[in-house]
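**Student:** Below is the structure I would like to discuss, written out as structure tokens.
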Amino acid sequence: WWVRTDVYCSRYVETYRYRLEREAGGLVFPKVFSGVVGAAGVARGAVMALRILTGQINPLEEGIGLANTSVLSFGNKLFALAETDLPYTFNLSSDGDIPTVDRYDFDGKLSGNMTAHPKKDHETGELFAFRYGPLPPYLTYFWFDRDGNKQPDVPISSVSQTSFNHDFAITERYAIFPDIQLVVKPFDMVFKGEMILGVDKRKVPRIGVIPRYARSDNEVRWFDVPGFNPFHTINAWEEDDETIVLVAPNVISIEHTLERQDLVRNCVEMVTIDLRFGRVSRRPLSVGNFDFGVVNPRFVGKKNRFAYVASLRNDSISMPNLTGVAKLDYKEKAGVDCVVAFREFPKGCYGGEPFFVANGGDEEDDGYLVMFTTDVSREESKFVVMDAKSTELDVVAEVLLPRRI
């Protein structure tokens, strides 16, 4: 007889940074969003530089990432990702544990860092990614074949400063890069006492389009899109040989992003790029404040109909709370608000990012939406499973976890 045992396991990814700070009992590396500000930020940087020069720490070789942004299954391996470092591999052991294996550089071919939001083509099995940093080249594109073999870097020399390139998108033939107004500004930190990240109001946001298998950045085309500042993308596809469609939440009032999240809203937009005439058009898909969108993984880079997004409520100055989930239908509801299903969490209950799990059917929305939620008053967390096809995103299962997330 076979007896099923359900196991819950919670582990930190054992990165170099995590091990150092665990042993030190506190912060060793400055935090980009809250620890690199003005004179204090410079002081922390000087202390870290001294520790590097004296050999106390070795972040150049070992990395500084936390591997805490996303997870990826690719090339028969499981990865934990953060854009400030290389991926870390981890295992699912037979007893239910999730031990960290190692920092992974794809046989020495991947250096520095990699985005936490790579895109996997369901049909080809290929993986597309990039990295960005404070030194030239500020943006570098690359991809992997289905067996995990990394292809040569394509440095994008037409990017003249470091933007917050957190996410991108792919279609069947192209990779698409938003170049937004949130940029790295080290001199403003030193001389003005500001954060190392800041908004360049003079910069015109743009979108870069490069062939998926480009060998040189000579093939990049840029399109100015004033006012378009997405941190995340949802999906992209080609309508025909000369038209690209991108769906992404646009950050409205981006100048408040770093200090007053309560003043920031997101608007999910559909952006159409006419490659033939170089024109770009935009239209909003909903009045809702949505972010962290996902689609059925089978449709990444292909024309799709449904997206699932987290609903944000800006009742916190530092970070918005995720208070619900919504389903968008941008085919049936074209030209009007595209929300066709919505589930709001109970008062005092907040969620994490949603994920779509396909159910094996042919229909795009045949599957489940899964996420973690936390009731802050009860200090309880649940793993929630919702019917992705239902009109109210009906909950089909809730698993009470043994500890708060």
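A Cβ is built for glycine as well, from the same backbone N, Cα and C atoms used for every other residue.
Note: TrEMBL annotation is automatic and uncurated.
Pulled these features from TrEMBL for this protein:
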- HIS117, HIS166, HIS232: Fe cation binding site (BINDING)
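Any idea what these are sitting next to in the structure?
**Tutor:** Within the same chain, the residues at least 6 positions away from HIS166 (Fe cation binding site) whose Cβ sits under 8 Å from its Cβ are GLU83, THR115, ALA116, HIS117, PHE231, HIS232, listed in sequence order.
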**Student:** Enter the number of other CB atoms within 10 angstroms of the CB of HIS117 (Fe cation binding site).
**Tutor:** 19
**Student:** At a 10 Å cut-off from the C-beta of HIS232 (Fe cation binding site), count the other C-beta atoms across all protein chains.
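**Tutor:** I count 20 other Cβ atoms within 10 Å of it.
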